[in-house]
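Undergrad: The following feature annotations were taken from TrEMBL:
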BINDING   SER63, GLU75, HIS78, LEU114, GLU174, ASN177, ARG179, GLN191  chlorophyll a 1 binding site
BINDING   ARG80, LEU142  chlorophyll b binding site
BINDING   GLU140  chlorophyll a 3 binding site
SIGNAL    1-15  signal peptide
Amino acid sequence: MKFAILASMLSAAAAFAPASQGAGKASVALNAEKSPAMPFLPYPENLKGYIGDDIGFDPLGFSDYFPMDYLRESEIKHGRICMLAVVGYIATDLGIIVHPYGSGLTSATAHDALLEKGVMGNALIWIGALEMVSYIATAEMLQGSGREPGYFGFGTKYLDGKSAEQIKKIKYQEIMNGRLAMLAFGGMVTQSVLYDKGFPYF
């Protein structure tokens, strides 16, 4: 009897609940802006205002969990490193050696050989020093210094006299070329190790 009374009270209360609320939410979800890169996913809102936001590529949702300035800083840094690494990797395998320790080595064999000679320790020290500078600059940026991700004061004269649209295009090209270099470097290392061949690694 008590159960029947409770059920009747709940049904009566449900009659006064706004029935369109759920439908409204579903409608908003269906009409939400989609990512141009992956149309089956919602557009990552935190990308707006950053170069490349027209693509809207963030399938894992990193921009929902980490500050965009930090993500962009990391992307630009690793892109620049890989653009240099691609050139250095190919140059070494073409016989361009800048240090006697590299004589007779390929890019694929250099790491282990130089590690045995103790040369990699020097590289670690220099990398650590550069990382400290990068860490300080990034920390200040995240605290609101106004610094733009990837900015270290280099190459600013190249941008002098260029319009805002031209500067945006140049920055966009750097990001896209950096992304390509990150993929390319991984592929080059894999190819050179698997096939034990120099450039073009097949």
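Just so it is clear, glycine is given a Cβ too, placed from its N, Cα and C backbone atoms.
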Undergrad: I'd like the number of other C-beta atoms within 10 A of the C-beta of GLU140 (chlorophyll a 3 binding site), please.
TA: 12
Undergrad: Out of ARG80, GLU140, LEU142, point to the one nearest LEU114 (chlorophyll a 1 binding site) in space (Cα versus Cα); all of them are binding-site residues in the record.
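TA: Among ARG80, GLU140, LEU142, ARG80.
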Undergrad: Between ASN177 (chlorophyll a 1 binding site) and LEU142 (chlorophyll b binding site), find the distance joining the two CA atoms and give it rounded to the nearest Å.
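TA: Cα-Cα, rounded: 25 Å.
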Undergrad: Please work out which residue of LEU114, LEU142 has the most C-beta neighbours within 10 angstroms of its C-beta, and give that one of the binding-site residues.
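TA: Result of the Cβ crowding comparison: LEU114.
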Undergrad: What whole-number Å value do you get for the CA-CA distance of ARG80 (chlorophyll b binding site) and GLU174 (chlorophyll a 1 binding site)?
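TA: ARG80 (chlorophyll b binding site) and GLU174 (chlorophyll a 1 binding site) have their Cα atoms 8 Å apart.
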Undergrad: Return only the integer: C-alpha distance in Å from LEU142 (chlorophyll b binding site) to SER63 (chlorophyll a 1 binding site).
TA: 14
Undergrad: What is the biggest Cα to Cα gap, in Å, among SER63, GLU75, HIS78, LEU114, GLU174, ASN177, ARG179, GLN191, the residues listed as binding chlorophyll a 1?
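TA: Output for chlorophyll a 1 binders SER63, GLU75, HIS78, LEU114, GLU174, ASN177, ARG179, GLN191: max Cα distance 39 Å.
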